[in-house]
Amino acid sequence: MTGFDALFEPTPAQQAVITQPYDARTLATAGPGAGKTTTLSLRLEHLIEVEELDPADILVLTFSQAAVQALSGRADRLSGPTSRVRVQTFDAWATALLLQTEHTVESLSGLDHDSRIELATDAIAAGVVEKTEQGFPAHVVIDEVQDLMGVRRLMVEALLERFTPACGLTVVGDIAQAVYGFQVADLEERNQETGWFLTWVRNWFTDDLVEIHLGDNFRARTADAAIALSYGDSIRQLPTDRARAEYAANAVHDSLRRALETVPDFGDLDDPFVQASLREFEGSSAILGRTNAEVLLLSESLNRSGVPHRLQRSARARPAPAWVAALTQATEMVEIAEDRFLELSPNLPLPAGLDPRRAWRTLRGVAGTRNGRLNLDALVRAVAERRLPEELSASAETRLVLSTVHRAKGLEFDRVLVVKPRALTELDADRVDPSAEVRALFVAMTRPRDDLFRLTRPATWMMRKDAEVDRWYVSGGRHNPSARSGMECTEFDVCHEAPAMGVGLPGEDSAEIQQYLATSVHEGDGIELRRLHDLPESTAETPPYGIFHQDRLIGETSRRFRSDLWRILGGRRTYEVRRWPCRVTGLRIDTVETAAGFAALTERLGLGGRGAWLAPRLCGLGRFDWTHADQLPEGHHHP
Ligand SMILES: Nc1ncnc2c1ncn2[C@@H]1O[C@H](COP(=O)(O)OP(=O)(O)OP(=O)(O)O)[C@@H](O)[C@H]1O
């Protein structure tokens, strides 16, 4: 036997889910750490090995990037064919479906995620899936169904209504862990939506639904790590009516907070002993905050004391890894076969855990030719269109991860530090959803294997969120609300229109910058932004900023960064921004990624005619340096 059998025997309940026939409709419910994800990967293996389904006939959908990685990571360790199953988020699947209709990348690029999902729902109803190359799947697997709400829920229902006379289904979830309710803006509707999909499944498949509950917990190995588990049932039973839920949810939230009070306090992050303990811990640990404001401030404080850590990316971010650019530049050929790829792979910066054969199969999934080869031009296009499969974007293994609870859903760590949440009574009653707060705290407290600690909440009174640009920024608080001293950095802040070209200083020719990015820029390195000159390209943006790594220019900020910064600085149609920070400090390298665009451009810059290059991706809370606000920082000249 293969896979996890070497590690443990599935329980009878897990075994029952795993071994259902391929055309069965199975609903598995379970609490945290009951082995849902593990069971799903073994289920996939069973469907292929025993039920003899082709991996291409299985559609695996899940809500978040983290789940994609958890599931593909585990499937990867199973037998060969199982690792060929593609796991996708609902959004990625919807986009791929639309690209098989009259839609193009350009026509979709102006649409937000929800609109794409709605279009995909229409496409399903119009019979598009039947006409695609893959046709109907034989089996649909859906993980984390508790977070299927709003337009995504409608899409999956449309899909199942159309597919299921013929196909089997395995869905797993836990309502107590539903944390993405904010997809539905209206608080009243949101409460009712929680658990709706599960009810729909139960009603739609009345006659032949096999419902199995996985009762054990395999994650928590200590009493502290298990402390929240006993609250699962009361959370699952919270009324769906908002008014009625409020009282009950407040009570459970209080109990969970009190339980968190009984686990050890991790101490002050400014204390050198505490820092040493974070630095020296050998296992995996996570610090989980309720909002990104908390996470950004904690990360800033760890940066100050030099504690290495990684910020968990948003559920949707999927950077193309740097080795993809290296691959496209390693050969002049447009098409390559697997043997050639395997020959090239030792010289590509593949991450340690990635098997080159698996990388090959995943690449072929996006840019394969009919005769089994890989078309590198098509691969570059997939990068430019951000269509590279999620599983290639895995983050480097880091021992310490800082994350919001949302981004950590479905993950587990040896040690977890949960930021002590506010009491619900301290929050704005009109805007807070007590049931959602309870579930978020429950998810946070059920992530550890061994140790659960609490951590004092950082002071976030000066952090504000600008809803329009969807970023946190640092204001002057109530006394000086228009002051600005910093802004959150996002995945869209680096220019992807062209490779970094330098500003005419020695060592800043494009090829040299690329070389430097490939060899000297690493995840977690500090960088700063410097204003390059004083002339904004248009009225609603700031002048450009260069990205500097140890005084070397490695990239330029994007237009989106400039206009968002302009807005954060108070820019409005009626208000002209005249002063810009000369520097933005405190940012870090999230990763060095592959960006892509016109082949003629890279050719002209001496980077080969492939159209792919390296670009840094930034993260963290940037702090504004207001010296020289009206003039250029020292050492810089108008070009
Ligand atoms: N039968 C089993 N025996 C021993 N360990 C198991 C068994 N099933 C799962 N595990 C282990 O338990 C841990 C939790 O499993 P998994 O992450 O699949 O749970 P989950 O239900 O998806 O969790 P959550 O819903 O909290 O994200 C994993 O480390 C897994 O290897």
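Here the Cβ of each residue, glycine as well, is placed from N, Cα and C on the backbone.
What TrEMBL records for 9-409 is domain 'UvrD-like helicase ATP-binding'.
Residues or ranges marked as ATP binding site in TrEMBL: ALA30, GLY31, PRO32, GLY33, ALA34, GLY35, LYS36, THR37. Cβ contacts within 10 Å of LYS36 (ATP binding site), excluding its own Cβ and spanning all protein chains shown: 25.
Summarising model confidence by region, the domain 'UvrD-like helicase ATP-binding' (9-409) averages a pLDDT of 87. Cβ proximity to the ATP site centre (mean Cβ of ALA30, GLY31, PRO32, GLY33, ALA34, GLY35, LYS36, THR37, cutoff 8 Å) flags the following additional same-chain residues: ASP174, LEU214, ASN217, PHE218, ARG219.
For ligand 1, the neighbouring binding-site residues among GLY31, PRO32, GLY33, LYS36, THR37 are PRO32, GLY33, LYS36, THR37, by Cβ distance under 6 Å. Secondary structure at THR37 (ATP binding site), as computed by DSSP, is helix.
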